[in-house]
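First comes the structure, then the notes that go with it.
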Amino acid sequence: MNALHTLTTLQEAVDWLRQRVTGTLQTDSRLIQPGDGFIAWPGAATDGRAHVGDAVARGAAACLVECEGVEPFALAGDHIAALRGLKAATGMIASEWFGHPTQRLQVLAVTGTNGKTSTAWWLADALNQLSKEELPALAGCALVGTLGMGVPPALQTTGMTTPDPVRLQRAFAQFAEAGHRACAIEASSIGLAEHRLDGTRIHVALFTNFTQDHLDYHPGMAAYWQAKRALFDWPGLRAAVVNVDDPQGAALHAELQGSDLDLWSISLQGPARLQAKHIVHTGAGLALTVAEGAHTEVLQTQVIGLYNVSNLLGVIAGMRALGVPLAQALQACARLRPVPGRMEQLAAAGQPLVAVDYAHTPDALHQALAALKPVAAQRGGRLWCVFGCGGNRDAGKRPLMGAVAQREADEVIVTSDNPRGEEPQSIIHQILLGTIAGTSVRAEVDRAAAIAQALAEAGANDVVLIAGKGHEDYQEAAGQRVPFSDMAHARAALARRGGVA
C-alpha cells in the first residue's frame, strides 16, 4: 500500500477527484471517456478494482477504489487513491460531485415487497398530467425504477430497480436541469442496504406492503425489513405514507406517530387518514369512494385488483403530501392506465382475456389471481395461470407460489421464468413440491410453448394470467439473454385462434 495514496474522509475524496477529473464520474469502466473519474469497489458479481486498468486505458483521469482488500490488485500511481468504506460513501460523493441535485427536486421514494413499480409510475404520470393542465407550477415529475429512468413512457433501461449511486445522482442532476421539480423512485431493500440512495434528499417515503422476497440476498426477514425501515428514518424526511392494512405497515405507522413527519395512513379495510370505501367492479375498472376525514370523492379507475386500489391510495396520499388538492389528485388518478407488464390486458371479442403481470412473489401471485377471479366469474369462464420462478433467487418462495397458483386458479401450467444459472427442470420441481398432484397442474419447461398451450386450450370466456416476467423483453438462461416477450407470445397465440389483440 506504500505506493497507493490513501484518503481518510469523504470531503478529501471529493477534493481529490475535483483536482483531477475534467469529465464525469463512472462506476462502469466500459463507459469511461477521457478525463472521467472511475469509482471501483467489490460487487456481488465482479470486483470493480479489477477493471482499473481498462478504465485507465480508456482515459480515466482518476480512479478511486475501495481500500480494504486492495493489495492483490497491485494498484499504484498518482491517478489512483483508496478510501475505506467507499461503497457506502459513493452516494454522498456523487451527490456532492453533481451539486446536490435533490435539493432542487421533491423526491418521493416508494418501498415495499410489491407495488413499488405501479405506485412510482403512477405518481410520475399523475403529477405530469397535473403539471400540464391543472397545476403547471409542479413542472413535471421524473421516474427511477424497475422500468428505467426518465419521464414515462420514455425511459432508459438500467437493469436495476435502484441504480448505482453515481448513475442515480447524475440522473437527478439531469432531471433538475431539464426543469423537473419532482422524481418518484423505487427504493428497493437491496438498494437501501447498499447505500445507493445515500446523499439523496427525500421528501416523501411511501410503504406499500411487506411479504417474503429477496431472501437470497438478505439473511432473513428481519434484515429484509430493517433495510426497508431505514427509509422512514431518513435525514430530512418530511412526510410518510403507510399502508396500514399490512401488519408490518400498521406497526410502522404506530412507531411513526408522534414524530415530526406529515403522516398519512391509507386503508381499504378500516379507519385511516385516507380510506377507500364502497369498492365495486365496473366495465371500465374499479370504482370507489375516497374519504379524507369528512371529505369524500368518487373515483372511477381504469384498473382492476384491490391491491391496485391500495397502490392508488398511496399515489393520492403522496400527492396530498406535496400539497395537491384531493379533487385534483383524483382527477389525475381517474386517467391512469395499467403500467406496462402490471396487469396489462389483451382483449378481443370471442377470445379469452389475457393478463400479463410481473407477479413473482407468493403474495403478488395471490393478489393477481384474486383480482382476476371475479373477472373470470363474471365472464362465466375458468381462470388459468402460467408462471415460473427465477433462478438464483429466493428458492423458498417456489413451493409457496405453486400452492398459491393451485389454490387460486382452475388450470395451472408451471414453466420457466428466467432460469439464469439453474437447471429449469429443477426449479419447476421445487414449485411442484407445493402442489397436490392432479389434473389441474401440469408442467411445460418451454415458456413459449406453455403460453401457446394455455391459449390454445382456453375457452373464449376464460381468463389467462401469464405471471412473473411482466414488462421484460428477454429470457435469461445459462448466462445469456434471448429476446422474449410474454405479451408478444400471447398476441401470437391469440392470432392463431383468429383473435385480434
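Sequential numbering from 1, following the chain as shown.
Cβ atoms here come from the backbone N, Cα and C positions, even for glycine.
Quick look at what Swiss-Prot lists:
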- Gly112, Thr113, Asn114, Gly115, Lys116, Thr117, Ser118: ATP binding site (BINDING)
- Arg393, Asp417, Asn418, Pro419, Arg420, Gly468, Glu472: meso-2,6-diaminopimelate binding site (BINDING)
- Lys228: N6-carboxylysine (MOD_RES)
- 417-420: motif 'Meso-diaminopimelate recognition motif' (MOTIF)
Most Cβ neighbours within 10 Å, among the recorded positions Lys116, Lys228, Arg393, Arg420, goes to Lys116
Sequence-distant residues near the motif 'Meso-diaminopimelate recognition motif' (417-420) by C-beta distance (under 8 Å, 6 or more away from its ends) are 360, 387-393, 427, 447, 468-469, 472, 475-478
Spacing of the two Cα atoms, Gly468 (meso-2,6-diaminopimelate binding site) and Asn114 (ATP binding site), in whole angstrom, works out to 12
Using DSSP three-state counts, the residues of the motif 'Meso-diaminopimelate recognition motif' (417-420) come to 0 helix, 1 strand, 3 coil
Keeping only the recorded positions of Lys228, Arg393, Asn418, Arg420, Glu472 whose C-alpha lies within 10 A of that of Gly112 (ATP binding site) yields Lys228
One of the recorded positions Lys228, Pro419, Arg420 has its Cα closest to the Cα of Thr117 (ATP binding site), namely Lys228
Same chain, |i - j| six or more, Cβ under 8 Å of Asn418 (meso-2,6-diaminopimelate binding site); the result in sequence order is Gly390, Gly391, Lys469, Glu472, Gln475, Glu476, Ala477
Gly468 (meso-2,6-diaminopimelate binding site) -> DSSP, reduced to three states, gives coil
Students should find that the Cβ of Gly115 (ATP binding site) has, within 10 Å, a number of other Cβ atoms equal to 24
By Cα geometry, the one of the recorded positions (Lys228, Asp417, Pro419) nearest Lys116 (ATP binding site) is Lys228
Among the binding-site residues listed as Thr113, Ser118, Arg420, within 10 angstroms of the residue listed as 'N6-carboxylysine' by C-alpha we get Thr113
